[in-house]
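Q: My questions will all concern the structure given below.
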Amino acid sequence: MRAFHLAWLSLFSCFFSTFAIPPLLEVIRKDLNLTQTDIGTAGIASFIGSIFSRLAMGPACDVFGPRVASATLSLLTAPVVLSTSLISSAKSFILVRFLIGFSLANFVASQFWMSSMFSGCTVGLANGFAAGWANVGSGVTQLVMPLVYTLFTTCFNIPSFISWRIAFIFPAIFQAATAILVLVYGQDLPDGNYKRKITNNQSENFCSLLFNGLKNYRGWILGLTYGFCFGVELTTDNIIAAYFYDRFHVNIEMAGGIAASFGLANCVSRPVGGIISDKMGKRFGMRGRLWSLWAVQTVAGLMCVLLGRVNTVWASVLVMACFSLFVQAASGLTFGIVPFVSKRSLGVISGMTGSGGTLGAVITQLLLFSGSTKFSTQTSISIMGLMMIVFTLPITLVYFPKWGGMFCGPSNIDEDDENYHLLH
């Protein structure tokens, strides 16, 4: 349980840092004279950085263990968060967002850590709560950063162009502190040190682990579907505050509060996804886990379509709340399946799936919210929902020889392959 709390708190700080910029975007845009294209490019850059770091984090966890991999990345990216206070141009703004995005690879370490610590019958619950509570950081920062900025401008009469820069000291210190806690108090496995464990099997080198994971088609499909649940969630975190600010003309504090509610829903919705996955798995086996993921993510897509169609602020808030519950639960359901794909290359599969999430965010941000698209923001949101519905369909192709798939039963009940067995 100590590892559980360290995992979600460390990842919480990374989400807090990564999404600390969007709630202050209106102030930063005026100070740096940013165009809409600059803002869109920066949003894409933050996700591109996360793609590569997540891909690397999976094998790093397999080789070094989640504790060292997670803490090292947090300590390396904390100074980048602090450097946000020094940016002075559009190019430096884009570069900082790109580098900060690397910290989100700690998501892979967190899910790997929980999958190593908890048994198969509760792994969906553990992954759901760890990731769900951590993702709340993307909502808390939407609420906290405007308040910190307002505190400096109103209570201390510090000019606006200085206040927003000072505000970024807090997320940098927070991220570094959680990394140190992970190193000092964390433990890789229930029975000890991860490095000691991997030395018992010298044949498992980096390349074999990587190849074993990459050749598993289930990891690729889960990466695709995750790209259009968690990826859409990341894109929404990036654009939702500005959407309410521009379309409904609410002030920056209210826009931040509305955006915060989207991220804060993770406290409940993603863990519920993990619980549903475990419950359906116990009752219907792997078929229950797969059907639950398809159904919840499809409903989330419908809610996203509706979000772009409603025309009043409070109706939009209501639909956004429903959308957040389903899209975040779908993320929890996805990682209720991931631990069963490959035990030997769990880190690689987690990295592939996690990278798919950020790749989906890059695709949706680039195609729909880059500043150069001809669609309005509300139309782009609806199109994003349609993309979710379409790209959830490949989950029907996932099949496990020992447990079956959505439409077919198992073909080899007695199979004892270490890559496809329940982690009981």
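Positions of Cβ are set from backbone N, Cα and C atoms, glycine also.
Quick paste from TrEMBL:
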- 3-397: domain 'Major facilitator superfamily (MFS) profile' (DOMAIN)
- 1-20: signal peptide (SIGNAL)
- 68-87: transmembrane segment (TRANSMEM)
- 94-113: transmembrane segment (TRANSMEM)
- 133-152: transmembrane segment (TRANSMEM)
- 164-186: transmembrane segment (TRANSMEM)
- 220-245: transmembrane segment (TRANSMEM)
- 290-308: transmembrane segment (TRANSMEM)
- 314-341: transmembrane segment (TRANSMEM)
- 348-369: transmembrane segment (TRANSMEM)
- 381-400: transmembrane segment (TRANSMEM)
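Help me picture these features in the structure, burial and contacts included.
A: Long-range contacts of the transmembrane segment (68-87) within the same chain, counting only residues at least 6 positions beyond its ends with a Cβ under 8 Å from a Cβ of the stretch, are 7, 10, 13-14, 17, 20-21, 32, 53, 57, 60-61, 93, 96, 99-100, 102-103, 105-106, 109-110, 113, 165-166, 168-169, 171-173, 175-176, 178-180, 182-183, 186, 194.
With a cut-off of 8 Å between Cβ atoms, the residues of this chain six or more beyond the transmembrane segment (314-341) that come close are 111, 115, 120, 123-124, 127-128, 131-132, 135, 216, 218-219, 222, 225-226, 229-230, 232-233, 236, 240, 244, 248, 258, 261-263, 265-266, 268-278, 281, 286, 289-290, 292-293, 296-297, 299-300, 303-304, 306-307, 349-350, 353, 357, 388, 398, 400, 403, 419-420, 422-423.
Beyond the ends of the transmembrane segment (348-369), by six or more residues, the same chain brings 40, 43-44, 47-48, 50-52, 54-59, 61-62, 101, 104-105, 107-108, 111-112, 115, 209-210, 212-214, 216, 218-220, 222-232, 234-235, 238-239, 331, 334-335, 338, 341-342, 375, 377, 380-381, 383-384, 387, 391 to within a C-beta distance below 8 angstroms of the stretch.
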